[in-house]
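Pulled from TrEMBL, these are the features on record:
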ACT_SITE  Ser66  active site
ACT_SITE  His91  active site
TRANSMEM  56-75  transmembrane segment
Amino acid sequence: MPIGVPKVPYRIPGDEEATWVDLYNVMYRERTLFLGGWLISGMAIFDMMQTVTPDIYTICLGIAASMASFILLGGEPTKRIQFPHARIMLHQPASAYYRARTPEYLLEVEELHKVREMITRVYAVRTGKPFWVVSEDMERDDFMSADEAKAYGLVDIAGDEMIDKHCDTDPVWFPEMFKDW
């Protein structure tokens, strides 16, 4: 293993005690992905999330901005989670082709309008908010705390509720592992 690969305590299924495992192995075992990205790529990820059979948990820690908030919304209802100090930011889609010539620019604007309508419709359906409310909220950057995002309908489990009600009582790591540090 190369020098500098971080290791974390992890209890491998079937083992009684946690062992030090490289972080990438843990992420692979837990099927953890960190996503973001461009508009069309994010919509493709969202579409794929809707077609697979297993329930997909989405978790927001840190910030889920722009397309990441859309992907967060794509998780299985009741399984969309936001950590207590995480933030979610909604805003309208933007184009990166502003230097194009006029005919291409007009086509880009038309396509962007169609995509914005599709995204707004998905937010409206998944949150239960009227289309016009979501559309107005997306006009400017709209940052939300965990409780605000839950009230809006973006997540189902938020803030301290996540820790209080859904915390695993059998932790993967144990403080006594750090006693020799």
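Backbone N, Cα and C atoms are what each Cβ position is placed from, and that goes for glycine too.
Local packing around the active-site residues Ser66, His91 was summarised as the count of other Cβ atoms within 10 Å of each Cβ; on this measure the leading residue is Ser66. Packing against the transmembrane segment (56-75) from elsewhere in the chain are residues 35-39, 41-43, 45-46, 49-50, 81-83, 86-91, 119, 122-123, 126-127, 149, 154-155: each is 6 or more residues past its ends and has a CB under 8 Å from a CB in it. Distance from the CA of His91 (active site) to the CA of Ser66 (active site) is 6 Å.
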